[in-house]
Amino acid sequence: MQQHLKYKIMTNIKHLAIIMDGNARWADQHNLTKSEGHKAGADKIRELLPEFINLNIPYITLYTFSSENWQRSSTEVDFLIKLLSIYFKNELNSLHKNGVKIKVIGRLNLLSSSLQKQINNAIELTKNNNKITLCIAFSYGSRQEIVDACTKIIASGKKEISESDIGHALYDPEMPDVDLLIRPGGVYRISNFLLWQAAYAELYFSPKYWPAFNKDDIIEAINDYSKRKRTFGKR
């Protein structure tokens, strides 16, 4: 009964965003390589996605690779890009079978043509699924997204820009505002992630590294969220 109650609470959350932080530090802690840490982080998606589905969360966004991550070593960057490709290769059929709609946001033009094709194929295959939307933020930065949106609006010939114009010009105009943003890893910042969409999001930080995060940690974050009063600037 208690577990059912916890799940019922979750129906209030329409969009859960997660900064998947701490892969490398988790690897150091376990005497593993950074690559092994990132792989463990990717495996965690496979583990937790069924829980998100059971919790009836309509929209999940995962921050997997930021625009600033391009400045890391070429070895690490190449592995992270390869990991995304492997994820789609290994998981796409299962995701599709389970009703998951795939979206990918970011400056995808910086990726190889083969990976862009793989991403587009995943989006096309799953576009009519409606159980849950899994949005992967890759080569993504929120400031860059807002700049790209404004550039797009200006190119359309508009002289004045409204909030609505920007919202419709973002990478995913259908993305709902973030209700709860979770960041594991013991770091207390949002690192250029969904700044527009998370304007009124509740923030939850955990000292646990992402590869160590589990279902109970998600439930704990949800229960914490359920106790908060969201005023959206009102009284």
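Cβ coordinates are placed from backbone N, Cα and C, and glycine is handled just like the others.
Taken from Swiss-Prot, the feature active site applies to ASP21, supported by sequence analysis. ASP21 (active site) counts 23 other C-beta atoms within 10 Å of its own C-beta, drawing on all protein chains shown.
According to DSSP, GLU202 (Mg(2+) binding site) is assigned to a strand segment. As annotated by Swiss-Prot, Mg(2+) binding site applies to ASP21, GLU202, with the evidence given as sequence analysis.
The DSSP secondary structure for ARG183 (substrate binding site) is strand. Among the features that Swiss-Prot reports, substrate binding site is placed at 22-26, LYS34, HIS38, 66-68, TRP70, ARG72, ARG183, 189-191, with the record citing sequence analysis.
Marked as active site, proton acceptor by Swiss-Prot: ASN69. Around the Cβ of ASN69 (active site, proton acceptor), 16 further Cβ atoms fall within 10 Å across all displayed protein chains.
Here TRP70 (substrate binding site) comes close to VAL77, LEU110, SER139: these same-chain residues lie at least six apart in sequence, with C-beta atoms under 8 angstroms from its C-beta. Note: the Cα of GLY22 (substrate binding site) and the Cα of ASN69 (active site, proton acceptor) are spaced 14 Å from each other. Spacing of ARG183 (substrate binding site) relative to GLU202 (Mg(2+) binding site) is 11 Å (Cα to Cα, whole number). Annotation for HIS38 (substrate binding site): same-chain Cβ neighbours under 8 Å, separated by at least 6 residues, are ASN23, ALA24, ALA27, GLU76, PHE79, LEU80, LEU83.
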